[in-house]
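Residues or ranges marked as Mg(2+) 1 binding site by Swiss-Prot on the basis of sequence analysis: D9, E52, D74. Residues annotated as Mg(2+) 2 binding site in Swiss-Prot, with sequence analysis given as evidence: D9, D138. The domain 'RNase H type-1' feature in Swiss-Prot is assigned to 1-146; the stated evidence is sequence analysis.
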Amino acid sequence: MSDLFAYTDGACSGNPGPGGWGVLMLAREGEAVVKERTLQGGEALTTNNRMELMAAISALEALTRPTEITIVTDSAYVKNGVTTWIHGWKRNGWKTADRKPVKNAELWERLDAAQQRHKVVWRWIKGHAGHAENERADELARAGMAPFKTR
């Protein structure tokens with residue numbers, strides 16, 4: 001049985017501006033990578049946080065059956081949101097503690113739904129700190145953004 005990891009990243013040129021997301025999915029047996037899959041996409045007008053969310057959503061939605069997966073993100077916004085803040089938001093009808101609407105609520109709801117059928121471990125790592133897999137996810141996010149950038 002292999003262990004599945006999804007390294008996710010979002011990128012934005014301007015905030016808001018054109019943006020992209022990328023996912024590097026790796027199945028590992030020990031240290032050996034036995035399968036690799038990449039995903040990427042983008043939007044013409046978006047934010048970095050929306051692209052970080054889309055990367056995580058896309059990783060989970062790409063899974064065809066219930067799976068144990070570790071999602072590795074450099075976004076504290078995604079990690080804290082999905083592991084901590086979301087519980088209060090759901091209790092409060094997708095409002096923050098000070099009763100304001102949650103930003104990107106439709107994406108948080110989609111992420112919440114996407115993770116329900118899986119056993120997900122969420123891991124945060126520092127971005128641009130020499131993690132090869134995170135750098136690959138960043139390259140994919142930039143490639144996803146490229147068609148939407150004007151020179």
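Every residue, even glycine, has its Cβ placed from backbone N, Cα and C.
Recorded features from Swiss-Prot, shown on the structure.
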| residue | record | Cβ within 10 Å |
| --- | --- | --- |
| D9 | Mg(2+) 1 binding site | 32 |
| E52 | Mg(2+) 1 binding site | 28 |
| D74 | Mg(2+) 1 binding site | 21 |
| D138 | Mg(2+) 2 binding site | 22 |
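Spacing of D9 (Mg(2+) 1 binding site) relative to D138 (Mg(2+) 2 binding site) is 5 Å (Cα to Cα, whole number). On the backbone, the CA of D138 (Mg(2+) 2 binding site) and the CA of D74 (Mg(2+) 1 binding site) stand 10 Å apart. Shown for the domain 'RNase H type-1' (1-146): DSSP residue counts in helix, strand and coil, namely 56 helix, 52 strand, 38 coil. For the domain 'RNase H type-1' (1-146), the model's pLDDT averages out at 96.
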